[in-house]
Amino acid sequence: MTARPRAVIIGMMGAGKTRVGKEVAHMLRLPFADADVEIEREVGMKIPSYFEEYGEPAFREVEADLIADMLEDFDGIFSLGGGAPMTPSTQHALASYIDHGGRVVYLDADPAEAMERANRGGGRPMLNGNANSRWKKLFKQRDPVFREVANVHVHTRGLTPQGAAKKVIDMVSERAVHVTGAAIEPYDVVIGEGAMNHLVDVLGPKPAKIALIHTQPVQRHSDRARALLRQGGYEVSDIVIPDAEPGKTITVANGIWERLGNEGFTRSDAVVGLGGGAATDLAGFVAATWMRGVRYVNCPTSLLAMVDASTGGKTGINTPQGKNLVGSFYTPAGVLADTKTLATLPNDIFIEGLGEVAKSGFIRDPEILHILEDHAAELRAFDGSTFLGSPLEDVVAELIERTVKVKAYHVSSDLKEKGLREFLNYGHTMGHAIEKLEHFRWRHGNAVAVGMVYAAELAHLIGYIDQDLVDYHRSLLASMGLPTSWNGGSFDDVLALMHRDKKARGNELRFVVLDEIGHVVHLDNPPAEAVEEAFRRIQQ
């Protein structure tokens, strides 16, 4: 059986990778290995001497080979040299390691502290010359790569090595997805039982007041969040909003704005959104608009919110004309998807979240579909009273992680939905129409499930996919208890709403469809008869 590192630590020179890595290994009672030390042992000389005699390209080749071997044959904590992740072959090796469940930790230290440590004692060939200037230049080159390569991001500013090690252990023991991109302030989605315990760490020391926005049904979880916040020294304003879509209105938002004003909330204070997707949508909208933007953290408590609304930076409210027509793109400081909260969900609320999970499998990650197939009966029979600590909890955590990764991939390069991100709307053109015509009595995940069947039927009629893939949509979704048909409205009403869809261009319809599993395309202005015939087929 292949032995793989429990965690791989990367970061800039002076970030404390070796010191923190040794502390992590000590706390977990695991062996520790430093790539630079292993290289010196292998080549029989110090790295500065090797650089001088053979040059950097030769060193990087030796380094890449050693790292590839260690990733396959070392069961402990493994720290890499600062430049190691810049080598393409090492990037591929780390990606493969992550695919097999590995954790690559980007140790992100305060630049001033890291530069000071890196300059101690010399012996760093990459810092020859003006050391601080070289460090800053290397940081500018390497930081984006580190963020891309790692799947765990740990900020260590102000922490002792022991404190940083504890933070690494906490993050590694949970699943985490790092969301970043050109237009995004990077943040982490932490997934696992107890993830909410990171709330104070994510908020940081700056806010004095926290607006805790939540719905009444999640009172048990809001009590826990409030206790954590007060233990952290924050002044907490408890704001209860109507449950589900009725809470996403301008009236509710205005009431919160008035309260924030009356209670003296400033730009340095923060918002925590806790609950289902509607609650996190509204909380994000309030955070984005109060004083042109304050820090906020999402604590989703439903499966749907964990895989959809809480991640990606979309915030918004509904209007009489449609869902989410008023809003903004505004990224959270972090998302804490605590699977402990799922244990309080009724079966039907849990199952609707599987609609968005399946969508991510269809558009990008087929492994999601395989997991859903293998565990469809267990997922359909979900019982919160037996969920925690069960094998199903691990399955669900993996599904959440994979689904969030799909969303992060699309969001990272297209925050404002001008291209790639639109592919996340697979099934949503019809789904949103169903929600509107049903006055939001149909839950979002259920509407999206029917919307995906509609999109599959349309793609088949146009000639993009075969009948087998349409049938697969129906069978997989039905096996989990999701609906695959709808008879609640006329085609004319549906068509009018689809023309109002955000993807529409002028008076032309635009759909997201598959041409194969894992690959989506835009379908612009399809034949009217195909649009109507696909609708007839979901009525059966």
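Numbers here mean position along the shown chain, with the first residue as 1.
Glycine residues also receive a Cβ, built from the backbone N, Cα and C atoms like all the rest.
Per Swiss-Prot, these features apply:
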type	residues	note
BINDING	Gly11, Met12, Met13, Gly14, Ala15, Gly16, Lys17, Thr18	ATP binding site
REGION	1-166	region 'Shikimate kinase'
REGION	167-540	region '3-dehydroquinate synthase'
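Swiss-Prot feature annotations superimposed on the structure.
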residue : record           : contacts (Cβ under 8 Å, 6+ apart)
Gly11   : ATP binding site : Lys17, Gly82, Tyr106, Leu107, Asp108, Ala109, Phe146
Ala15   : ATP binding site : Gly82, Leu107, Asp108, Ala109, Ala114, Arg117, Thr156
Gly16   : ATP binding site : Leu107, Ala109, Ala114, Arg117, Thr156, Pro161, Ala164
Thr18   : ATP binding site : Asp34, Ser79
All-chain count of other Cβ atoms within 10 Å of Met13 (ATP binding site): 23
Averaged pLDDT score, the region 'Shikimate kinase' (1-166): 87
CB contacts for Gly14 (ATP binding site) [other CB atoms within 10 A, all chains]: 23
Reduced DSSP assignment, Thr18 (ATP binding site): helix
